[in-house]
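Everything below concerns the one structure shown next.
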Amino acid sequence: VEGATSPVAGFILLGLSAHPRLEKTFFVLILSMYLVILLGNGVLILVTVLDSRLHTPMYFFLGNLSFLDICYTTSSVPLILDSFLTPRKTIPFSACAVQMFLSFAMGGTECVLLGMMAFDRYVAICNPLRYPVVMSKAAYVPMAVSSWAAGITSSVVQTSQAMRLPFCGDNVINHFTCEILAVLKLACADISLNVISMVVANVIFLGVPVLFISVSYVFIIATILRIPSAEGKKKAFSTCSAHLTVVVVFYGTILFMYGKPKSKDPLGADKQDLSDKLTSLFYGVVTPMLNPIIYSLRNKDVKAAVRNLVRQ
């Protein structure tokens, strides 16, 4: 509301309150997917810790990815499920800041971690003899730690900048969670600095890892094509196919979310709004749910480790 200067104590999350018939269906669907995420990623973490054959850089990164996916979904899914049960859910300002920080930190960390995993596959396939030296514990642990540090640092910057803005008047977030862009729209101040900061963060956390992963896979594919036997080619590709699939799913969903054209038709705006919300909702749960499935389906070591765990 123009002219209102009283600061906002909290925000109202609209969620799917405009579509009450969808709320119960999506509650069951998202809850089921969340349970699959906890189970699948929990089992992956367990086997990478307990099975000594999986104490390698690739599975160490995979354990990190699974933990990341559990943290990422736990920062938003309980809030989303609550919003389905409570129409126009109110969330305190501080809780909104924490949720925004966690989801931004986990998203940034995953981008960097996928880049680190691409480097691991590059060394394993292009320089197999040097792999134990290059990817020693003294290298891969700091690589994982720096991924977390980069994601958390970026999130501290973005969240603190967003939360320092004055919010007065309209406090209705047209989303399921405190999604940073949806929150910035409500600020009654100039947000151009925030937008520039987010563009820089997107270039660093989306552009740089994508470029790095692409270059790594150009070298990987070139090396695989030089392997004389068909069996050798198949074996080499199978070691990186799971990572490549995860990368395609992760970045493909982001491109689909932010790259599709906006509706110019005012009547289509409501449908567009609903489709944007549902896309971001599924992006938040589909990728973390698919990661353990992709890695266990495409990996004999993980399958064997899971079987051993079940037998125990």
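Don't overthink the numbers, they just go from 1 along the chain as shown.
Cβ atoms here come from the backbone N, Cα and C positions, even for glycine.
Sequence annotations record features per position, and here TrEMBL assigns domain 'G-protein coupled receptors family 1 profile' to 40-295. Positions annotated as transmembrane segment by TrEMBL: 26-47, 59-81, 101-119, 139-157, 203-225, 237-258, 278-297.
Take the transmembrane segment (237-258) and the stretches 26-47, 101-119, 139-157, 203-225, 278-297: counting Cβ pairs under 8 Å, 278-297 has the most. When Cβ-Cβ distances below 8 Å are used as the criterion, the transmembrane segment (139-157) is approached by residues 57, 60-61, 64, 101-102, 104-113, 116, 119-120, 197, 201, 204-205 of the same chain, each at least six residues removed from its ends. Same-chain residues lying 6+ beyond the ends of the transmembrane segment (278-297) with a Cβ under 8 Å from its Cβ atoms: 26, 30, 33-34, 36-37, 40-41, 43-44, 62, 65-66, 69-70, 72-73, 76-77, 80, 103, 175-176, 179, 242, 245-246, 249-250, 253-254, 256-257, 303, 306. Confidence in the domain 'G-protein coupled receptors family 1 profile' (40-295), given as mean pLDDT, stands at 87.
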